[in-house]
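Taken from TrEMBL as is:
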type	residues	note
TRANSMEM	32-49	transmembrane segment
TRANSMEM	61-80	transmembrane segment
TRANSMEM	121-140	transmembrane segment
TRANSMEM	152-174	transmembrane segment
DOMAIN	184-269	domain 'Wax synthase'
TRANSMEM	232-255	transmembrane segment
TRANSMEM	267-285	transmembrane segment
TRANSMEM	297-317	transmembrane segment
């Protein structure tokens, strides 16, 4: 555990120094291919950094924060787009470092920008989320008493609540540090009435915004000149889900160091396909027929959960996340206990010497 903490501190230094260099060239190097070449080594470094960790918690968090989001933010920055460009406009190195290394995006109050509607219908407080997360983790301890599908349902709750709590906590600290309004990470995904609603407006919105800028918009603009605007949107959506699937494969590799089975990529391709079908049907039908939410919400959440059981979780369970999670909790407890014991011993020794 001590070695893992040391690697974490080294990572802080590597990421901070890399972002400081990028900040230093923000105005001296024009956006485009030259800036991309200068930033490319840091992009590759960010992809490599998560491979240094051995614990599941840090592999997942650093893989998501740095290996995926931070590396994509750097690519967008090279071409004058994305969250880092908003941070550059403020000329604040602190803001640039936080936006570059954390899963946050600043709401810039630009009238042209679109901010998700986050009016809560069934708001869950932090204490409620922690309570339900504790219940879910306790249920995993008792998984032998559940039907396998029941365990998968519990893991759906664990993943959602962990992301909500971790990303929400990071965002709260960043907001207090920067004193600015941040765009939300989630917007009650359990109330999604369609796949378009789930993926585009409610689930992991930081990733959605990054993928829109880096994949969806370029693909749509390129295809629109060839096939037209509406088919281009469907093609761009499919490409975006394919890239998301590949990045999830990378996260899984960080977590398990196992060769990919491409099940998680298939999960996102399936969702991309059905979302494209959904968009085509909406374009054809328009406002003439809209099923009630009491029907569409269960269908949407049911489809997400069933396809998760089929394609998302089998590859996830290959690296035994539940077993490793409990082992790491025990190791952290033992580490804290040993540190506390050493501190107490040192204090007693100093007190004895003083006397």
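Here the Cβ of each residue, glycine as well, is placed from N, Cα and C on the backbone.
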Under an 8 Å Cβ to Cβ limit, what residues of the same chain, 6 or more beyond the ends of the transmembrane segment (232-255), are close to it?
-> 47, 50-51, 53, 56, 59-60, 62-64, 67-68, 207, 211-212, 214-217, 219-224, 226, 262, 264-269, 271-273, 275-276, 279-280, 315-316, 319, 321
Hey, does the transmembrane segment (152-174) touch the transmembrane segment (267-285), meaning at least 3 C-beta pairs closer than 8 angstroms, sequence gap 6 or more?
-> no
Other than its close neighbours in sequence, what residues sit by the transmembrane segment (61-80), given a CB gap under 8 Å and a spacing of at least six beyond its ends?
-> 8, 11, 15, 22, 31-32, 35-36, 38-39, 42-43, 46-47, 49-50, 53, 88, 99-103, 166, 206-207, 210, 213-214, 247, 250-251, 254-255
Tell me the residue counts in helix, strand and coil for the domain 'Wax synthase' (184-269), as DSSP assigns them.
-> 69 helix, 0 strand, 17 coil
